[in-house]
Amino acid sequence: MDFKQNILEKFLRYVKTETTSDTESSSKPSTKTQLEFAAVLAKEMETLGIKDIKISKTGHLTGSIPANNDAKAPTIGFIAHIDTSPDFNGKNVNPQIHKNYAGGAIVINKDKNMSISPEMDKILNDVTGHDIITTDGNSLLGADDKAGIAIIMTMAQYLKNNPSFKHGPVKIAFTPDEEIGTGILDFDVADFKADFAYTVDGSVMGEIENGNFNADKFKIEITGVNCHPGTAKDVMVNPVRVAADLINRWPESKLPETTEGEEGFILFNTLKGNIEKTEIGGIIREHDLKKLTDLEDSLKKIIEDTKAKFKGAQIKLTISEQYRNMKDVLAKNPEAMNKLLSALEDMGIKYKISQIRGGTDGARLSFMGLPTPNIFAGYSQPHGPYEWASLDAMAIACKFILKIVEVK
């Protein structure tokens, strides 16, 4: 099989279908386009011989590939998410293919003077000679996580076309609303019937993630005192100014743009309102649970200080849990990590085990009883116009998951 060509054909089709999730929606899934795309994938799964295909009312698409031999083997799941991030435009994606990357800058939009280079993303130094897929600068690419979908579907195609390749039972799931942290809550782990699973939602080749952020989100509601600006002296409390002052009090050393590795941060990501009421939204991230609490306590202190400055302002903070670090769960259930490490070593893939500066569906699944580390899907710089993917890395990822399910 020409893995690169098969993955490319699928990937280009997938990313051109808009499936942005919506943080403001109360429906499940949050957008109709995700459900429509799941239906398209379900039909394609039928052509690949996948069994037990079903789409739940909440948009979870699942299927099975039975073992083709009598050897005792675990049932292994592979999971990717259907939605793309609402942080940037996901419509009218126009992928650009740059064959045999020779190093240096790749121009993605000449008119906008937009390019990617090793100076902005050092990972490009590791993919010289690869075929690189980028955006045209007007949208995100959607490799997060349609690269994962293309990899899993190509694995299924290979298993169908190569019946002599012995493998154990395989489960497949394509899930909605991963980017907004809600979709996996309705996933039926018991019905999935996998012993362990992998989210194919990681970045560069060889990157394995067995841990992730502890994650909470917050909302700050600020109510001021409104009146006519001509008679506002000593009366008006402007919630827009209160919000600006509050955000500015947060230390610059604890922001996404000033942290790396396992350092935590707070991101203020939404601000809306008027002279009567203003609302701030954001997320809190830390690998260490105690340090997460420390960040939240710091935010509460800043709110109290802001209240003291702006007499009459009412400020309400609401913090909601999103997901927790799966590292301890995987340590207690080592089979998933042992299996992938064995496959990496058999293939001679240089790998790095790290804790992701983010989260995947696997984090929550691990706490729901399905140990699920994250494996590489070959993309970088997600959630924006500089997102790119290596077709070669995607092909290797497909061969890697085939090695995981192989029965010798």
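Just so you know, glycine gets a Cβ as well, placed from its N, Cα and C.
For the Zn(2+) 2 site, TrEMBL lists D144, H383; matching the candidates E179, E335, E345 against that entry yields E179.
Per TrEMBL, the candidate among D22, D195, D201, D216 that belongs to the Zn(2+) 1 site alongside H81, D144 is D201. When the recorded positions D83, E178, D201 are screened for a Cα within 10 A of the Cα of H383 (Zn(2+) 2 binding site), none qualifies. The Cβ centroid of H81, D144, D201 marks the Zn(2+) 1 site; residues of that chain outside this set whose Cβ lies within 8 Å of it are A80, D145, A147, G148, E178, E179, T199, V200, T360, D361, A377, P382, given in sequence order. Each of the binding-site residues H81, H383 was scored by the number of other CB atoms within 10 A of its CB, and the lowest score belongs to H383.
Counting every protein chain shown, 28 other Cβ atoms lie within 10 Å of the Cβ of D201 (Zn(2+) 1 binding site).
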